[in-house]
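Colleague: So TrEMBL has the following annotated:
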SITE      THR47  site 'Part of a proton relay during catalysis'
BINDING   THR48, ILE207  pyruvate binding site
SITE      TYR110  site 'Part of a proton relay during catalysis'
ACT_SITE  TYR136  active site, proton donor/acceptor
ACT_SITE  LYS165  active site, schiff-base intermediate with substrate
Amino acid sequence: MNKDLIGTGVALITPFDQHNQVDHSGLANLVNHAIDAGVEFLVLMGTTAESATLSKKEKEAAIQTIKATNKGRLPMVIGIGGNNTAHVIEEIQNTDLSDYTAILSASPSYNKPTQEGIYQHFKAIAESTDKDIILYNVPGRTASNVEASTTIRLAKEFKNIVAIKEASPNYMQSSLILNEKLEGFMVLSGDDAFGLPMTLAGGKGVISVIGQAIPQYSEMIRLALDKKVDEAYALYYDILNLTEAIYDEGNPAGIKALMQVQGVCSSETRLPLVKASEALEQKIEKLFNKLK
């Protein structure tokens with residue numbers, strides 16, 4: 001089991017300035033803010049980072065800023081995925097992975113592969129590297145679900161497939177994986193709303209969005225891991241409305257609005273995403289102020 005992945009990891013946003021360029025000062029602020037919020041690991045270049053809108057040069061520069069700010073304080077996970085298996089493998093093999101505890105790789109989007117296609121995709125990736133791999137199932141974005149049986153099959157056959165970030169809205173699916181009690185394999189919630197119940201059901205934590213903004217979230221997950229149910233749920237309900245609000249206009253618009261409210265960085269996004277409306281930002285600010 002990769003113990004670096006237990007608890008709350010956070011899918012870091014990419015701050016942009018008023019000219020829509022990567023804001024490296026804001027990014028450094030963000031990393032320090034997330035660490036101060038008590039998270040256990042950092043996830044770089046995921047969907048929340050708007051990585052699809054970043055050039056290779058921008059990604060490399062942003063990664064260097066994150067590394068330089070983190071200074072080895074927390075384990076890091078790098079997002080490398082796509083719907084061209086050969087290209088994903090090429091990127092993995094051309095990336096210096098020495099600073100990362102694992103790769104987070106989403107199931108292929110748009111192509112809509114069968115379960116056998118998904119299995120073969122991740123099989124090829126697992127065989128291309130010795131680095132630990134976190135599967136990422138997010139059917140709301142990929143239009144393709146990684147069924148529990150496929151996850152279980154991959155976990156049993158490949159030692160370096162060590163976890164899944166499970167963001168399916170079907171809670172039974174996560175339960176089926178957990179019920180297998182796979183040796184050395186972890187289920188991490190990929191949805192802030194399910195982080196607590198999934199951890200209490202036997203998961204090992206969450207890859208969160210809101211966790212980079214507020215310390216209550218990662219503390220809630222630590223309480224859940226310690227089976228302190230009442231204390232965990234007290235925090236859950238304290239932050240429930242804010243957690244819901246940051247998704248009102250999609251991710252990462254909401255979390256960026258929350259970061260702007262806190263003075264960490266700007267709420268700017270890149271097209272095709274637009275930043276949160278003024279009404280949502282005011283709502284988020286009001287809910288955040290209630291937590292103080």
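Please read every residue number as a count from 1 along the shown chain.
Just so it is clear, glycine is given a Cβ too, placed from its N, Cα and C backbone atoms.
TrEMBL annotations: computationally assigned, not manually curated.
Structural setting of the listed features?
Modeller: Sequence-distant contacts of THR47 (site 'Part of a proton relay during catalysis'), defined by Cβ-Cβ distance under 8 angstroms and a gap of at least six in the same chain, are ALA11, GLY79, ALA106, VAL138, ARG141, ASN251. Under DSSP, THR47 (site 'Part of a proton relay during catalysis') is assigned to a helix (H, G or I) in the three-state scheme.
Counting only residues at least six positions away in the same chain, the Cβ atoms of GLY9, VAL10, ALA11, VAL43, GLY46, VAL77, LEU104, ILE134, LYS165, LEU188, SER189, GLY190 sit under 8 Å from the Cβ of ILE207 (pyruvate binding site).
Cβ environment of TYR110 (site 'Part of a proton relay during catalysis'): ASN83, THR142, ALA143 lie under 8 Å away, each six or more residues apart in the same chain.
A strand conformation is recorded for TYR136 (active site, proton donor/acceptor) in the three-state DSSP classification.
Annotation note: LYS165 (active site, schiff-base intermediate with substrate) sits in a strand segment as assigned by DSSP.
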Colleague: What are the non-local neighbours of THR48 (pyruvate binding site), defined as same-chain residues 6+ apart in sequence with CB under 8 A from its CB?
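Modeller: Set apart from THR48 (pyruvate binding site) by at least 6 residues yet with Cβ under 8 Å, we have ALA11, LEU12, ILE13, VAL209, ASN251, PRO252, ILE255.
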